[in-house]
Amino acid sequence: MVDSTLDQVGKNLSEAMRFLGEEQREPEAATERQHFSRSCIPGPLQGDGQDVATVLRLVHNLIHEEEDEEDKPSQKMQNVGEHGQMALLGHSLAAYISMMDKEQLRKLTTRIQSDTTLWLCRLFRYENGSTCFHEDDRDGLVKVCRLVINARYEEYATEGYVVLNTRQPVIYQSASCRPGLGQHLCSQDVALLEKLIKEDINAGKLPLLLIANAGTPGAGHTDKLGRLKELCDQYNMWLHVEGVNLATLALGQVTSSIMAATRSDSMTLTPGPWLGLPAVTAVTLYRHEDPALSLAAGLTSSHPVEKLRALPLWLSLQYLGHNGIVQKIKHATTLSQLFLQKVQSLTCIKTLVEDESDSPVVLFKFNQEESIASSESFCAGEKEVLDAFNRWLGEELAELVPTSGIDVVELEDEATCVRFSPLLTAAVLGTREEDVESIVEKMTELVFVMSSTMSLREDFREETHKRSPSLRYINEFAWPGLGVVRYEMQANGMDEDRKKQEQEKINTELLKKLQDLDTDILFSTGPEFVTEQGCIFVGMVTDDVDVSDLVDTIAALGRDIEESGKLLQNMTEVVRKGILEAELQLQKANEEKLVEEGMLRQLPVVGSVLNWFSPIQSSIKGRTFSLAAGSLDSTEVTYSTKAQADRPSLQDTPISSSKKLPGQKLFRRAGVSTDSTETSCTQAEATFQEENPTGIGSSINPPISPPTPEMPHHTSGDLVPEKNLKSSSEIDDLEASEEMHPEGQEAEGSTR
């Protein structure tokens, strides 16, 4: 007979996974989701409630709410297979089982925990062990410490921590352990550890616990577990082992260094990431004969509900079976060995693997010492430069091959490294051998670009110094690219605050112009953590880039922007002075008009009658304002010839561009062949804009900024084009400088 509640739990879970796992949405469905999200604004509970589908839709909308608001592409959710659904089902069943009768609950939870303990001990070769299930993988070690303290200090249960003052306990931790687990560290040198233990004993302290590693998450390091176990037995210490390599105990062939972990007093396993099981607890296997001390330490519990933590793992282990578990772990180790073989053949890549025969963790880093060592000035920032390049390499690989599980780790000795640890990621992400091929392929392209960039960094710095003081090289060692520059404006007599503001405007405009160029080079403002602001960060380049041409273009564009700003400021001043002079001449012309025509002609009605019977030939002429000369001249010559003298029109100052081959990007040297990795020159495989319509930049000769053309004369009725004035205020000033005549009288031959 099937329990209807259990059947409904399974159906609800399947429906939830199907609904929440939908990735491809129709456009109208996406619109419906946005409308539903707006209509389901949280508020007070009211009405008769909502059905399961509506609640699930609300959860789905909450998950994708940020994507809808910012118009982001949909992020693919982590794929949860059927074995993962069994783990999720376990959490639902645990809530349902907790409502059973106490006696029935006790029997069921005891059976679940005993079965799981038996399977794990057999699977990982840990005979006669007990289990402790805990959410945080560090909690098992905490409870083991309590167990050891209770066992070594008989009066601890009654006296508490006061009893520790008699003989202070000492916990020894491997130097490769994750930080924060202990106060005393030991190195891989077992002899040094034994010396430390003897010194502590002579000082009246009590050696209590040794924490060793069987594959650290960061580097895959494994301690000499066999020798450490002998040392612990000699000094009556507890040996606890943890690490990712413990997963290989389930394989048919296990190395002796890992097999020694089965002799430890306790070890912590994390089957969740190893097998791709979501929300599954960690497990600590331990051996101890006193159940009372285990209960006092929290390793066991008298509450049946707490034993239900093992239910998701119990379901998943049954679903996978022994062969399925071994297959997943074997697949992860095969991926690491395949990747190690391929990556070792790459130039400029250094692998950091302790045991190349069977290490499930592969560390590697970009290392081109000869490129950096060629410059003494880079020695001071060599570590920062390599760290930045390796961080960029790891981030790029993770983005280009999302299913690889590639990430970046920071190690004390090796600094920034890239890690490939399929035991922690392959089962969750579904990594395959094809993904390993893709990683190596992309890495080959990226390493080529990184090597080219590294070799050209010094050339870029020297070329920038040659253009000083207009260009300033910024020593930003944390930038993974060709380098960082800033255009320095030449403004003598300008206060510092105003100069800084104008300089930021110039560099901002310069960055926009560089980003519009037809080139594969990425120009940006840099990451948020940089110390220098208002700079231009030049990204990765290939070895065919003409660095001199690149720096010349940056300097020429910056100079052109600065000169354009000065021209605009000078034009404003000239127009202002011209208007003042025009007002004075207008006032003088009105006075001359009054003397010449007399008072009667100024009256509205009388003046019109006199002008009709006795017209007068005015001697007042129009005025024209020359922007180039900054002077106010008469229009007599202009209207006598019926045409204004030919002058060049005001237009944007062009920057000459040397010839380049069809399809050739800017800053590329002609005749230089590159690797097939041309598309990886940018930092994020960015697609740049169409070819620059202004023709800025060149591929062979550096660009030259020609002198500013002569400004034209503008007569009455002529308007300077708006695109050349840059703002409406200058247009108003120039309109005010049109031909001006005495009041009530137009100049001869003039028109409005």
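The backbone N, Cα and C atoms fix where each Cβ goes, and this holds for glycine too.
Whatever TrEMBL says is automated annotation, not expert-curated.
Summed and averaged per residue, pLDDT over the coiled coil (484-520) gives 84. TrEMBL lists 484-520 with the feature coiled coil.
The compositional bias 'Polar residues' annotation in TrEMBL covers 650-659 (among others).
The compositional bias 'Polar residues' annotation in TrEMBL covers 673-692 (among others).
According to TrEMBL, the domain 'PDXDC1/PDXD2 second' annotation covers 377-453.
If you look up TrEMBL, you'll see 463-566 marked as domain 'PDXDC1-like third'. Taking H, G and I as helix, E and B as strand and the rest as coil, DSSP gives the domain 'PDXDC1-like third' (463-566) the counts 44 helix, 15 strand, 45 coil.
Residues or ranges marked as region 'Disordered' by TrEMBL: 640-752.
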> Could you give the number of helix, strand and coil residues in the domain 'PDXDC1/PDXD2 second' (377-453) as assigned by DSSP?
Replying inline: 53 helix, 11 strand, 13 coil
